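Engineer: Just lifted these from Swiss-Prot, have a look:
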BINDING   Arg25, Ala26, Tyr27, Thr28, Leu42, Ile43, Lys44, Ile45, Tyr46, Phe47, Leu59, Met60, Ser61, Thr112  FAD binding site
DOMAIN    1-85  domain 'FAD-binding FR-type'
Amino acid sequence: PQKLGLPVGRHVYVCASIGGKLCMRAYTPTSPVDEVGHFDLLIKIYFKDEDPKYPNGGLMSQYLDSLPLGATIDIKGPHRHIEYTGRRRFVVNGKQRHARRLAMIQAGRGTTPDDDTEQAVLRDQPDDDTEMHLVYANRTDHDMLLREEIDRAWLPRTRRLKVWYVVSKVPEDGWEYGVGRVDEHVMREHLPLGDSETIALVCGPPAMIECTVRPGLEKMGYDLDKACLVF
């Protein structure tokens, strides 16, 4: 058995021929980087006619859901130019970077390189004392695939991880976090201000990143060229 060998902060492409056309989607493994013999992907299935915005559903996710146990798939990687090498150190486009604090903004239903980085920091504690501040946004709390793991496994292990959830739709039961959209006010309240020892890790819809997140971070003192890494 072998290790996948995927550096922390990078992802793989799953490739398949669907309807006679090549389809590729990027996924971040949820299993530890040193896992031997297998790796895990957490994928939400977007079924046809489930969401009026996407009447055909997810092409790749439905294809994967249709595969029988024991089927094979093609993957390629690693992909992305950002890697977390541990204990506050990043490699970005081949250059070493250092961060005492991470300001993480994550929106969407999938798992991301942000999750991978968080797990790597937690695995190295107490040697890795990186502070992590996460704003995690989604339509509903049920769409936050890793929320249960964050609440039950990650948060109890460290005081260096601070999390603020934001949902578009208020849950039926009690909800003690944010409702609405991620904006500059939310970012200022739950993320550290920019300085030479803070890096922002951003993953989400392009429109949100360009229209809200990047302008907000710039007003908070972040150097967008050096301290804002978009996955």
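Every residue, even glycine, has its Cβ placed from backbone N, Cα and C.
Since the structure is predicted, the reported quantities are computational estimates derived from the model, not experimental observations.
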Engineer: Which residue counts does DSSP yield for the domain 'FAD-binding FR-type' (1-85) in the helix, strand and coil classes, in that order?
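Structural biologist: The composition, in the requested order, is 8 helix, 29 strand, 48 coil.
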Engineer: Averaged over the domain 'FAD-binding FR-type' (1-85), what pLDDT does the predicted model reach?
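Structural biologist: Result for the domain 'FAD-binding FR-type' (1-85): average pLDDT 87.
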Engineer: Around Leu59 (FAD binding site), which residues of its chain at least 6 apart sit with Cβ under 8 Å of its Cβ?
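Structural biologist: The answer is Ile18, Cys23.
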Engineer: For the binding-site residues listed here (Arg25, Lys44), which one has the lowest count of neighbouring CB atoms within 10 Å of its own CB?
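Structural biologist: Per-residue Cβ counts within 10 Å for the binding-site residues Arg25, Lys44 bottom out at Lys44.
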Engineer: Out of Tyr27, Tyr46, which has the highest number of nearby Cβ atoms, where nearby means within 10 Å of its Cβ, if these are the binding-site residues?
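Structural biologist: Max Cβ neighbours within 10 Å, all protein chains included: Tyr27.
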Engineer: Tell me the Cβ neighbour count for Ser61 (FAD binding site), meaning other Cβ atoms within 10 Å of its Cβ, over all protein chains shown.
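Structural biologist: I get 17 for this one.
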